[in-house]
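Colleague: Just passing along the structure, written as structure tokens.
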């Protein structure tokens with residue numbers, strides 16, 4: 001749900017679970033020998049050429065993140081145009097945490113043991129990217145497919161009712177997209193760790209991975225904010241797919257293009273060393289052994305770790321409403337649009353969604369800048385103080401969003417033509433500032449919890465895999481809770497997104513207090529930890 005949800009999103013996918021499974025020492029020696037030459041093993045290659053090749057070998061991370069940014073910014077609003085009620089949009093996102101919890105560990109287990117000639121990671125990256133391309137095309141053409149499956153034949157410019165066949169096609173594509181994203185993310189990050197060992201070190205590899213994710217996020221949100229796709233490519237519009245839908249198609253077409261190009265570059269430059277069959281660790285009990293080992297390890301966790309898990313869970317309870325409803329809030333509460341209203345109201349809503357995508361771009365920039373100063377802040381203030389401050393900031397920003405939404409909707413009547421003149425400029429500016437500022441605590445969300453968990457488990461003799469594995473449980477469970485309850489709560493109050501944001505703000509305040517009281521004093525945040533939290 002991401003960065004997360006960017007990305008939301010590595011936080012919920014637990015890319016580091018591959019550390020729970022091991023290979024023999026001979027494999028590690030081969031990997032170091034490979035890295036001591038170059039990415040492809042050429043010992044004569046200059047250091048500059050090695051780092052450039054390593055940089056482009058990770059290009060697939062940018063392509064995947066581009067598509068993920070589109071998913072975060074556009075798909076909740078788009079699903080409502082197909083007839084999925086605002087109260088049940090959250091249920092379409094329930095696959096994300098499930099996929100992150102189940103798919104990534106299993107893919108990590110088998111990618112550690114893959115003996116194909118093309119390497120351990122690239123087969124999974126290839127298959128995952130192909131499924132992503134198919135999934136986004138299913139989503140983009142869901143309205144057209146639904147029309148052929150029995151939805152209304154009335155033109156989309158006049159029809160305002162539900163299109164259930166299209167909605168079902170959309171959900172299938174959405175869920176496949178979530179599973180495919182998790183298939184690619186773990187092996188791609190693990191491959192960077194493999195290729196950067198030796199000359200460069202894991203921090204360099206993970207920093208490159210993070211940079212590509214940032215590039216993908218910025219380009220993805222720019223694409224989502226663009227409302228000209230239907231003008232540049234008029235053939236995207238059909239009787240079932242009007243301007244907003246055509247813009248979604250255009251954005252996803254570019255996603256397919258970028259994913260194919262970035263995947264091709266990665267497949268060519270990431271010259272992995274094949275794993276010999278005799279080097280495969282066969283002592284485990286298959287992919288399910290990952291879960292068995294994880295839950296067994298819970299019994300041996302240090303007491304401080306349970307407090308870290310509790311604070312992490314409450315933190316994610318506060319974040320998921322924003323991750324899910326950000327652009328919808330801009331389209332509804334600020335722009336006064338309706339996804340299933342008249343053509344004019346739908347256009348206003350679409351304009352608000354695109355403005356929200358621009359706000360998420362500002363959020364990504366703030367996140368990237370903040371990530372560089374987090375290690376220094378943690379060393380100066382301790383990690384728990386930084387974590388606590390970030391939660392109080394989320395509380396303040398959620399409160400502002402609730403207040404701005406209520407002021408914007410005060411006296412508003414959907415039947416009034418004044419609602420079509422656009423949002424209040426001051427309120428729109430405040431909303432964009434909130435979107436930008438929320439990138440600051442989001443940088444903490446994607447780094448500090450992982451660093452604290454790693455330090456606590458390391459003090460007790462645990463490893464990174466243990467830390468990330470158990471922390472993933474504390475991330476998945478609250479996401480499931482919010483996904484199951486946020487929409488129905490909004491529907492019960494009939495207040496749009498305001499109740500979810502209010503609840504999120506309350507959890508953020510509680511978590512700010514708990515972080516100060518419960519968390520141990522730690523100060524270290526490595527570069528790898530900064531990008532481990534995901535998107």
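Cβ from N, Cα, C; glycine included.
Got these off Swiss-Prot a minute ago, pasting:
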- 1-53: topological domain 'Cytoplasmic' (TOPO_DOM)
- 54-74: transmembrane segment (TRANSMEM)
- 75-87: topological domain 'Extracellular' (TOPO_DOM)
- 88-108: transmembrane segment (TRANSMEM)
- 109-122: topological domain 'Cytoplasmic' (TOPO_DOM)
- 123-143: transmembrane segment (TRANSMEM)
- 144-163: topological domain 'Extracellular' (TOPO_DOM)
- 164-184: transmembrane segment (TRANSMEM)
- 185-203: topological domain 'Cytoplasmic' (TOPO_DOM)
- 204-224: transmembrane segment (TRANSMEM)
- 225-249: topological domain 'Extracellular' (TOPO_DOM)
- 250-270: transmembrane segment (TRANSMEM)
- 271-302: topological domain 'Cytoplasmic' (TOPO_DOM)
- 303-323: transmembrane segment (TRANSMEM)
- 324-354: topological domain 'Extracellular' (TOPO_DOM)
- 355-375: transmembrane segment (TRANSMEM)
- 376-384: topological domain 'Cytoplasmic' (TOPO_DOM)
- 385-405: transmembrane segment (TRANSMEM)
- 406-429: topological domain 'Extracellular' (TOPO_DOM)
- 430-450: transmembrane segment (TRANSMEM)
- 451-465: topological domain 'Cytoplasmic' (TOPO_DOM)
- 466-486: transmembrane segment (TRANSMEM)
- 487-498: topological domain 'Extracellular' (TOPO_DOM)
- 499-519: transmembrane segment (TRANSMEM)
- 520-535: topological domain 'Cytoplasmic' (TOPO_DOM)
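Looking at the shown structure, can you explain where the listed features end up?
Modeller: The average pLDDT computed for the topological domain 'Cytoplasmic' (1-53) is 49.
Away from its own ends, the topological domain 'Extracellular' (75-87) comes close to residues 93, 139, 142-143, 146, 161-164, 166-167, 170, 174, 244-245, 248, 324-325, 327-328, 331, 339-340, 346, 349-350, 353, 487-488, 490-491, 496 of its chain (Cβ-Cβ under 8 Å, at least six residues beyond either end).
Broken down with DSSP, the topological domain 'Cytoplasmic' (109-122) shows 5 helix, 0 strand, 9 coil.
Taking H, G and I as helix, E and B as strand and the rest as coil, DSSP gives the topological domain 'Extracellular' (225-249) the counts 15 helix, 0 strand, 10 coil.
If you look at the transmembrane segment (250-270), the same-chain residues 6 or more away from its ends with a CB under 8 A from one of its CBs are 39-40, 53, 56-64, 66-67, 70, 74, 118-119, 121-122, 125-126, 129, 132-133, 136-137, 139-140, 188, 191, 195, 219-220, 223-224, 226, 229-230, 232-233, 236.
Cβ atoms under 8 Å from those of the transmembrane segment (303-323) belong to residues 1-2, 4-5, 8, 11, 72, 387, 391, 394-395, 398, 401, 438, 442, 445, 449, 452-453, 456-457, 460, 470-471, 473-475, 477-479, 481-483, 486, 497, 500-501, 503-508, 510-511, 514-515, 518-520 of the same chain, restricted to positions at least 6 beyond its ends.
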Colleague: Can the transmembrane segment (204-224) be said to touch the transmembrane segment (499-519) if we require at least 3 CB pairs below 8 Å and skip pairs under 6 apart in sequence?
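Modeller: The answer is no, given that the two segments have fewer than 3 Cβ pairs within the 8 Å cut-off.
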Colleague: Are the transmembrane segment (499-519) and the transmembrane segment (355-375) close enough that 3 or more Cβ pairs fall under 8 Å, when only pairs 6 or more apart in sequence count?
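Modeller: Answer no, regions not in contact.
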Colleague: Do we see three or more Cβ pairs under 8 Å linking the transmembrane segment (164-184) and the transmembrane segment (499-519), pairs being at least 6 apart in sequence?
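Modeller: Checked: the transmembrane segment (164-184) vs the transmembrane segment (499-519), no contact.
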